[in-house]
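Only one structure is covered here, and it is reproduced in the block below.
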Amino acid sequence: MTTPLHGPAKALRLAAIGATLAALGAGFAYAAGWIGAPGLTPQRIIDTFEAQAGHYPGYRKNHAKGLCVSGYFQASGQAAALSSARVFSQAQVPVIGRFAIGGANPFAPDTAIPVRSLAIQLSSDDGQVWRTGMNNPPVLAVSTPEGFYQQVLAGAPDPATGKPDPAKLQAFFASHPESAAFRQWAASYKPSDSFASTTYNSINAFRLIDAQGNAHPVRWALEPQTPFAALPAQIDDKQFLQHDLQQRLARGPLRWTLRLTLAEPGDPVDDPARPWPAERRSIDAGTLVLEQVDAPEQGACRDLNFDPLILPHGIEPSADPILAARSAAYSVSFNRRSHEALSEGARP
Amino acid sequence: MTPAAFHPLARLLHWLMAALILAMLFIGVNMVGDLSPRHPLLVELHKATGLALLVLVILRITLRLALPHPALPGDLPRLQRLAAGASHLLLYGLMLAMPLLGWAMLSAGGYPRPLQLPAIAPHDLQLYAVLRQAHGWAGYLLFATVLLHLGAALVHALVRRDGVLRSMWPGPLHRSE
């Protein structure tokens with residue numbers, strides 16, 4: 001055994017050891033984004049929602065105002081050849097869902113917000129879980145998380161009016177030509193008088209994987225079987241859509257058709273701003289039947305994160321960058337509201 | 001009889017787990033602030049590696065209890081001896097706790113688990129908050145303890161030159177001493 005070192009030789013080696021540890025620590029801090037200039041983070045997106053709409057402890061940080069529902073999905077069997085996911089062949093799959101309006105304010109009037117959403121969880125008998133969050137627009141205005149962040153900033157309420165500055169929005173759309181399809185949809189959109197008569201779109205594309213392992217790029221939509229009726233011009237009830245849903249479900253179940261639209265080679269499968277040609281083949285994968293609604297923000301859906309990347313075997317994500325960003329940001333929202341529930345007892 | 005070095009299997013496990021744990025700490029701290037398409041891949045990798053580490057740490061603890069292992073140098077001061085014992089207990093505890101916290105946190109958050117593992121905690125948002133934060137803080141503590149462990153190993157090897165690092169050395173051992 002060699003003798004221990006002393007004097008300058010020892011000091012030098014201790015310094016080298018210290019430098020090694022410091023370098024590792026600095027690398028860790030860099031990986032964590034504590035040093036350097038990290039790009040857009042999911043935390044910054046959620047911070048911005050809260051900065052604009054206000055801080056509502058315990059609530060989801062977007063689509064904050066909603067209702068839990070439950071029912072089941074009845075597969076038609078037609079999608080079973082395209083995806084090995086059990087939901088497309090099982091006779092009846094239990095469903096937990098949540099209707100919501102867009103935005104981070106849980107007290108906004110239902111009909112003041114053009115964006116409506118339906119998120120569902122399908123739990124098939126092979127133990128697999130599928131969660132999907134869908135909105136009424138068929139496309140987004142942007143193709144990337146950075147574009148989305150710019151859109152959120154441009155839509156910031158003007159302190160003077162409490163509403164987004166039209167000039168800023170116009171400037172945003174002018175500098176984001178990929179928003180053309182979304183603007184066209186928004187200009188022609190006629191809101192219906194009910195969550196029940198609204199179409200909900202996956203927006204992002206996914207990949208169905210069949211039993212042979214082949215991938216089929218797909219978007220899906222829930223198409224209402226309830227006939228369309230236009231939203232009245234004058235509405236005083238801030239809970240208009242919630243009350244309507246409760247009344248309808250008290251009378252009987254509500255149904256949607258799950259329609260899968262298949263891309264063809266060359267279609268933009270990783271760009272949520274670009275629609276696919278209208279003539280693309282689509283199939284009726286089955287019927288969503290919703291039977292029950294819970295009190296606002298109560299029920300089984302409340303403590304779930306409808307992360308769109310919670311997918312069963314037989315469905316995989318596309319390379320759409322917004323899909324990954326949604327997953328990351330939903331997780332931050334879920335962690336924050338769980339923390340608020342713990343530290344402040346805050347519950348919606 | 002006390003051996004001069006750790007059993008080859010113990011050394012293999014040590015260095016395999018060292019690499020995996022360091023990778024996990026960097027992946028974990030990076031993925032939570034990342035929203036690029038890398039994010040879901042890192043999360044999947046993190047869960048799969050965490051599960052592998054759980055299996056490895058159980059094997060490792062079993063080996064540690066079953067096999068004889070070298071003693072610390074006789075001339076090591078009492079305080080350093082205590083620190084060595086405590087930091088190793090902490091390392092084993094954290095290596096076991098980290099994957100269990102991850103598993104429990106997914107259970108409490110109502111998330112699916114890899115390989116459809118059963119839930120080991122009830123679906124409860126407040127419990128999720130506790131476990132999620134514990135997983136994060138235990139990760140920072142594990143990284144700090146790993147740094148301390150590495151620093152101590154280097155001091156043993158380069159300053160005290162007492163053969164402690166050699167007893168865990170991944171390559172063949174010289175018998176000359």
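Any Cβ shown, glycine's included, is placed from N, Cα and C.
Annotation source TrEMBL lists signal peptide at A:1-31.
The domain 'Catalase core' annotation in TrEMBL covers A:23-348.
Reduced to three states, the DSSP call for A:His63 (active site) is coil. All protein chains considered, the CB of A:His63 (active site) has 25 other CB atoms within 10 Å. For A:His63, the entry in TrEMBL reads active site.
The heme binding site annotation in TrEMBL covers A:Tyr330. Secondary structure at A:Tyr330 (heme binding site), taken from DSSP and collapsed to helix, strand or coil, is helix. Counting every protein chain shown, the Cβ of A:Tyr330 (heme binding site) has 25 other Cβ atoms within 10 Å.
Distance noted between the C-alpha atoms of A:His63 (active site) and A:Tyr330 (heme binding site) is 11 Å. Taken together, the residues in the domain 'Catalase core' (A:23-348) have a mean pLDDT of 96 on the 0 to 100 scale.
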